[in-house]
Amino acid sequence: MQIRPILEAETELTDRSHAPESVVLSTRVRLARNIDETPFPSRANKSQRREILARCQDAIAGLKMMQKGSVLEMQNLSDPEKQVLVERHLISRELSNDKGESGVIVSRDQSCAIMINEEDHLRIQVLRAGYNFKGAWKVIDRIDTGLEDKLDFAFSPEWGFLTACPTNLGTALRASVMLHLPGLVMASQMEKVVRAVNQMGIAVRGLYGEGTDASGSIFQISNQQTLGESEQDIIKRLTGVLDTVIEQEQNARQKLLENAAPKVLDKIGRAFGALQNGHLLSSAEAMNLLSLIRLGVDFGLLPENERRSVDKFFMTTQPGHIQIISQGDLENSDQRDVERARVLREHFRGLAPLDFDTLEKT
């Protein structure tokens, strides 16, 4: 199995040196780049795409942080393997559907993934645990400079970096943060927040980007505009919006405790019971139950170290992970639901009861 090293390695998001945060799960920055005087992937023929793939692989191999990474081509991966990469946010759903002359190179710690021949010749992304645009930008800027020394990127003095989609022209930067917003969801305020954020040119999407739902009350918030602003200005403007959303989430949680504590605590208690005893759990149901447990950690009902366990389960209980990790033939969704419930039941049955007394003392 080609992705075995990825499954076995400690990742940026599961590394115990990073303390998980209450609201912000992760930060991502992505740059789109294309080779000058070379057709975009959708316009290139098979031999041209193969040449682009080889040139980009050679250039990326020279980057120090990528040298011990995984070099993967889509045509050599099974559907479950590709699904695992999507679930880890290492490739897009679009790339997972590509049949050939495309690939991805993933750094050893999975903090950097560079897609080749997706919509653009290169999609460079850097992921950081928690709220860390500064750290993510520092790394991706260094990677971009290193690749620019080896590949002549398509650039226009008027339009900036040239991309397959006009909405990415300019800096070709997409900056995003993954947020856990159960307070706003429970308070039925999320729709209002989305409308306000959209009016400021900021997009709100589900866990896996455009067109996906927000299972587990997890939302991805990112910039939409890339033309006419510098990278620093884009990140600064997005940060201002994110700070407001984070504050609103914290306020919503506090109001729920003040005005509807029995209802909220009942939801968390029932979720804990379902995870301890459930025998059939779909991906969406597991995500929503885990979301409530994470909120329970925030309220002090469970030890802080359980936050990391929940964050890992958000990823490892997805369909691709369940099928690959179980090493069984679980193509049937019912079989995966049984295995998912077993994995979660095994973990949560080993935990002490929820400490509701903690809230009563505050």
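Each Cβ is built from the backbone N, Cα and C atoms, and glycine gets one as well.
Nobody curates TrEMBL annotations by hand; they come from automatic prediction.
DSSP assigns SER26 (ATP binding site) to a strand segment in the three-state reduction. Summarising the annotation, TrEMBL assigns ATP binding site to 26-30, HIS89, ARG123, 174-178, 205-210.
Annotation source TrEMBL lists domain 'Phosphagen kinase C-terminal' at 23-252.
Secondary structure from DSSP puts ARG123 (ATP binding site) in a beta strand. Around the Cβ of SER26 (ATP binding site), a 10 Å sphere holds 23 further Cβ atoms from the protein chains shown. For the binding-site residues listed here (ARG123, ARG205), the lowest count of other CB atoms within 10 A around the CB belongs to ARG205.
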